[in-house]
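Single-structure report; data block below.
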Ligand code: 6R9
């Protein structure tokens, strides 16, 4: 092997079999059943996906060809015609699900509502007719900048109904970030709200839209459609700004779903590169509908009785695929929550679970680590007995955080699905199937059927079991991104050229390191950009961080390298402590020893820096790039606009 890959030092051996009562109900209920499905997909991918597309979705017109693969450009279900909102709404109206809850919504101040499939369908049709009235046509991009209220999902579905690709911009982003995204997509309309409630405050949104559009800075935008939420007074520009509650009065509730080509763009969603301008990830209709539909079934084993809650924001891919499209396509009940744990109610998540009898709960490691920090008394004070399945997404989960989730939230009864995937992949790629695959804390387990995942070196050669390398996918899958909006070259460069095509086969690589163990389980080791090189050993961040988090005093840890004359790089660990712990030198020394005892002297942090919080993106991912600059005493460079809380960085700087 000519290029060094990544060394693995973590030694996690615990194994949790699927609980018997879960297995009893599950669609895929044994390792053999999973393997059979996996093998079937591998032997004949086109046949496998065609059969599912035929049986699971409604098409207005059947496709001519399942897959047209001109690397790196894929087309799925060529010439097939469908509309994702027909699959998410209309088809349920002719069944008993017509009056089943489609969306349950809980607002932060405690207001709430439930929309049945029939009601949601009606709202989407009204909204779609308002979009038409504002001149939106098939192919026009619509910006959505909303709080977590039902109208956010309704707006997305309304766009999809008439064939206008949506571009959702997370409501926590600034006016500048919004403007850049609107301009990149040449959006014609922005859908927003006066504001939303978050952490006990009314957060203004329309004001940010006004800033983004001021001085004609986003000239493609002709109209702004405003949903009333907070009732704060906001200026409305005549001719440009319109209230949703006014316009809905004048339109019909009949709006047939536009027949879309399978490859028509469904949405563009921006993902920040660590440097450079955000990439508009393009997803199309047929493949995305099928894959999010199937993965919602496989990963969550969702059933009609379930109350399913994904805590993501609809501004992220997780919200697109697993609050809106995947659950609704399956006729499931999806819960949306506007709020976040906050001073006035740190245990609000547990209140929501108790109130609605949530059965499936899907959240992020960053949230779990925050729950750990806040203390067990909060979840222990609520009845969580309705839960039957837990999920995590967004970052590698440290085994000890996994164990806490398993014990304190799942009461050792609920399987945990650790789902590895990306904005670019559209849907889950690696996960446990909860009724079939025993879980290992910290492992994203197995590839889903149809996903030919592998761990390779830079030349594309598979690395032996238990050696770290680059996580790649060898065969196209239906919900893969189609391109970077307006920039095919960037698409090719970013995802398909890091690892050279081998024997004519293109490998998809989007930046994570991983290892596969002897049982075929995948362990994601973190972004390869964050790998630390100590005396010629390349170490992933996840394993060292997990060793730190396994110490009782530590809530969260981030490790980075700083230049070192002798070793190349030395490890610097940024550590936040659990509620009652006091930082001091003795504890720092103890943590260093703890890492050595857990995974070896090689991983011993040279420096431990205690900190109240770590810098994170707005979706909760630790920004190690910024910590790297701090650790080596450099000014922080590059884009910091995705940082959730600037003051965290300032505090870290002062402490340096
Ligand atoms: C869905 C989502 C993608 C990146 C991905 C990886 C990290 C997500 C993970 C995980 C380890 C998991 N990531 N899930 N790492 N285990 N279960 O988060 O999409 O925002 O595009 O981020 O997140 O590094 O490459 P996105």
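Placement of Cβ uses the backbone N, Cα and C atoms for every residue, glycine included.
Under the heading domain 'Acetyl-coenzyme A synthetase N-terminal', TrEMBL lists 34-88. In the predicted model, the domain 'Acetyl-coenzyme A synthetase N-terminal' (34-88) shows an average pLDDT of 98.
The feature domain 'AMP-dependent synthetase/ligase' is assigned by TrEMBL to 97-482.
In the three-state DSSP classification, residue 200 (CoA binding site) falls within coil. Per TrEMBL, the feature CoA binding site maps to 198, 199, 200, 201, 318, 535.
Following the DSSP three-state reduction, the secondary structure of residue 527 (ATP binding site) is strand. The feature ATP binding site is assigned by TrEMBL to 394, 395, 396, 418, 419, 420, 421, 422, 423, 512, 527, 538.
Residues or ranges marked as domain 'AMP-binding enzyme C-terminal' in TrEMBL: 543-621.
Taken from TrEMBL, the feature Mg(2+) binding site applies to 549, 551, 554. Long-range Cβ proximity for residue 554 (Mg(2+) binding site), meaning a same-chain Cβ under 8 A and a gap of 6 or more residues, is found for 548, 575, 576, 577, 578, 591.
Annotated N6-acetyllysine per TrEMBL: 621, in sequence order. Under the DSSP three-state reduction, residue 621 (N6-acetyllysine) is assigned to coil, being neither helix nor strand. Close to residue 621 (N6-acetyllysine) in the fold, though at least 6 residues off in sequence, lie 366, 394, 395, each with a CB less than 8 Å from its CB.
Under 6 Å, Cβ to nearest atom of ligand 1: this is the test, and of the binding-site residues 419, 551, 554 it is passed by 419. Put simply, residue 549 (Mg(2+) binding site) is 27 Å from residue 199 (CoA binding site) when counted between their Cα atoms.
Annotation for the binding-site residues 199, 551: lowest Cβ count within 10 Å of the residue's own Cβ, 199. Listed in sequence order, the residues of the same chain lying 6 or more apart from residue 535 (CoA binding site) and placing their CB within less than 8 Å of its CB are 566, 567, 568, 602. Across the domain 'Acetyl-coenzyme A synthetase N-terminal' (34-88), DSSP assigns 27 helix, 15 strand, 13 coil. In this structure, the binding-site residues 198, 201, 527 were compared by how many other Cβ atoms lie within 10 Å of their Cβ, and the smallest count belongs to 201.
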